[in-house]
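In Swiss-Prot this protein carries:
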type	residues	note
DOMAIN	2-45	domain 'LysM'
DOMAIN	56-163	domain 'L,D-TPase catalytic'
ACT_SITE	HIS123	active site, proton donor/acceptor
ACT_SITE	CYS139	active site, nucleophile
Amino acid sequence: MLTYQVKQGDTLNSIAADFRISTAALLQANPSLQAGLTAGQSIVIPGLPDPYTIPYHIAVSIGAKTLTLSLNNRVMKTYPIAVGKILTQTPTGEFYIINRQRNPGGPFGAYWLSLSKQHYGIHGTNNPASIGKAVSKGCIRMHNKDVIELASIVPNGTRVTINR
C-alpha cells in the first residue's frame with residue numbers, strides 16, 4: 001500500500017481530497033488518525049500499491065518542459081509537454097498517479113491521469129500548438145498520442161516527481 005508522509009498544513013479532508021478517497025476510508029486504514037495529524041507522520045492510503053514496487057517513475061522538468069519516463073532507473077522516453085503559466089504554476093514535489101480517465105472531454109484531450117494533488121493531472125490537449133509552452137492552469141499537457149502511450153504503460157501508484 002502507498003504510504004504518505006503528512007505535510008505541514010495537511011488535514012484529513014485535504015489528504016482525502018488529494019487522493020480521491022473518503023475520510024472514512026482513511027480513518028479505517030489508519031485508526032490512529034482519530035487523535036489527529038502530525039507533520040511527518042506516515043499514513044496508509046488504501047487502494048493504491050506501494051509505489052516503490054512499481055518499476056516506473058515519471059520526472060517532469062518545468063523549465064525544460066519535458067516529461068521523462070524511466071523503467072528501473074533507466075530512461076525509456078522523454079516527451080515534450082506544456083506546463084502552468086506564471087499565475088497558475090505547475091506544483092513541484094512528489095505525487096502519484098491515482099486514477100485515470102480516457103476521453104475526459106473538454107480541453108483535456110484523449111486521456112487524463114489524476115495526480116495526488118486535487119485538480120492537477122497529466123493529460124492530452126485539444127490545442128497541440130500549446131505543447132512546449134507555459135500556458136496551462138498548472139496541469140501537465142501532452143500530445144494526445146503521447147499521453148495515450150504513457151497511460152498504456154504506467155499503472156496507478158506510479159511516482160511523479162515535478163521539479164523546476
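Cβ atoms are placed via backbone N, Cα and C, with glycine included.
A mean pLDDT of 98 is what the model gives for the domain 'L,D-TPase catalytic' (56-163). Sorting each residue of the domain 'LysM' (2-45) by its DSSP state yields 19 helix, 8 strand, 17 coil. Across the structure, the residue listed as 'active site, proton donor/acceptor' and CYS139 (active site, nucleophile) place their CA atoms 8 angstrom apart. The DSSP secondary structure for HIS123 (active site, proton donor/acceptor) is strand.
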